[in-house]
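Here's the structure, in structure tokens; my notes come after.
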């Protein structure tokens, strides 16, 4: 008993210390609830795709596609991480990185170019200032960007940056080049090779929708030009500072959170392109940031840059290209489907594709603005078009300073980075003249027709500086300020300004350029619109002939808007410049000094700036999509010099001054991207769709005799416009279509101008819901000349639209219209019978 009694007091505390007090049931539940909800969410996310596959009746191939997409995402993320580590190692210790071995394209600019200086003193200064730069950037995000995003939309009212850390790695200048030749004596031009590899963390959150996203690393590389002008005799000796990129910089972003979806193949290039386009709107030539250093400097004059000249590129032909298409696993050599990518600064042009030809003839013309010719080159790359990845056929790079000296070059150039191949170019440097003395001669040289206002080569350049507007009306609502934007058009070319929100006194300070075919017959049309209510706030029409009689062919004033308020005005500065080719007399044995610039890095490294920017979709809509330097269509072209024969040994042959009647065709497009060729998928699915339609037709027949047009008919108007140099197709309506489901059909019309079945050549109408007799009344056009269109066939297909992953998609009928008719210029309207495969071409005579 005593022992028991002795154990009691000793054991009691021991049990009390070893056993915790019982917890309340509510507290245990509150601790496990988040984990339970997370487990349920993960289980739901895993089971939902399985349920969706069964519910929609999809095949197992969708599972394989998802796994392949996941593997691709992980591989892409791993490659991004390796590139980031390599760039960080190069920034931390250049000498050690070079010893260990680094690719030539990753080396700094001062290694390749002797006139580029290494500026370590500048990098040390930036490194010392970097913590304070980071503080400024954090304040910019939290005090400027965050309130602006919150006020932009009611759904973003809870938007906030949870973390803004730019990282410890400072911005680095890999090389500095100062220009001393071909520059104005009152300016200093510097090119900075900048590189930023930041292990930054920028996280954002929208609490209202439990949405988190962010960025964990950013890489940006590019050439930034700094211009100090004008130099003055008083302190601080420089009037203003202008900063811009010569071309779009290279950009790579690693996303976190919800924005990880942007790393999915197909979306990663699109997201980077959108961000690059935003940067281009502010910082890529001709856009620039101008900082005045003294009050006396006319900042508006610095923001109204006049191009140094216009480069007219005759992209004529190539010879002896490599055959990249092979058969039987390379045993049989084939030909190539060559096309060219031409680049001048930030302007990118793409030629048409010549099928199966090693000596293609393009005969196309491009016109490009040149703002800063010191440091700018004409870059050309040739590729063989393939369904998967286009093969490289050669490149060429020509310094624009040499072209300016020569004024006219008509030569065969040997392609670089390939064993064989030559390219025939004719380059013209057009000077901008501020008077109309040579206008008649220029119009005669380009054969400008009096009845032809806007087609053909350009005779002049219109430069417009949109400053501001005052006293704009309120639009539809009296008590609300409008969201004004300005639409400007000359002929068929139109451009838009940025939107200024909630103001009747907008300030734009934007530059625009238009190539003009005949300034005596064309007008500048300007309209101010309210983006919020889609209504007009005022308009203005200025005949370009008015500029011909103005002082220095320039007008700088406030214009009274019509159909607007009594005091509504728009301030603009407009200048017209005549494009004049100054031909120089040369002796017969004259040898020009133009040299082809050889690449200093490998083909993969040098092509990165071009190929990285060729992923933008040209079909993106919205403001600022109209190019400021469009390729001009050529209908009546001047006769050009006979094409010289390619040289046997020298890359630069002698000029043949013989004459012939050969002419150049129009360039089909001015785009910023090389489009894929989706016709492969269309060709694969076509037999399946035709087979399904035939089976559906047999079910409809079911022992009965169908009429003459069992699939129905479609009404089209087809004509060719010689003034616009386009084929016009109007889709009016369809009748007596077959029902694709119990609710009828959801038809739309798709068209190709064969043999072109690329995405850029496709035209589609809107979808008419639940009807067998849809009415479209939509007009479409194809840029093609009359002789060319008479050798083509119009492929028209009526299809049934369905929802995403729907089984109700399919073909309702096709028709092939052979356009070999002499009545095409007049046009016709006709009903066409739909067939299951369109194998009965319908010829109009």
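The backbone N, Cα and C atoms fix where each Cβ goes, and this holds for glycine too.
Within the set 497, 536, 593, 663, Swiss-Prot records phosphoserine at 663. Considering 489, 539, 682, the record held by Swiss-Prot lists 682, annotated as phosphoserine. Of the candidates 336, 351, 504, 662, Swiss-Prot marks one as phosphoserine, and that one is 662. The feature transmembrane segment, as given by Swiss-Prot for the ranges 7-27, 28-48, sits at 28-48. Within 8 Å of the centroid defined by the CB atoms of 324, 325, 384, 386, 391, the record's Ca(2+) 1 site, lie the Cβ atoms of 336, 337, 383, 385, 390, 393, excluding the listed residues themselves. Burial estimate for the binding-site residues (385, 386, 391): highest at 385, by number of other CB atoms within 10 Å. Cα-Cα distance from residue 391 (Ca(2+) 1 binding site) to residue 337 (Ca(2+) 2 binding site): 10 Å (rounded to the nearest whole number). Following the DSSP three-state reduction, the secondary structure of residue 384 (Ca(2+) 1 binding site) is strand.
The separation of residue 384 (Ca(2+) 1 binding site) from residue 337 (Ca(2+) 2 binding site), Cα to Cα, is 5 Å. Listed in sequence order, the residues of the same chain lying 6 or more apart from residue 324 (Ca(2+) 1 binding site) and placing their CB within less than 8 Å of its CB are 334, 336, 384, 386, 391, 393. Geometry remark: residue 385 (Ca(2+) 2 binding site) versus residue 325 (Ca(2+) 1 binding site), CA distance 9 Å. Other than 325, 337, 384, 385, 386, the residues of this chain whose Cβ falls within 8 Å of the Cβ centroid of the Ca(2+) 2 site are, in sequence order, 324, 336, 338, 353, 383, 390, 391.
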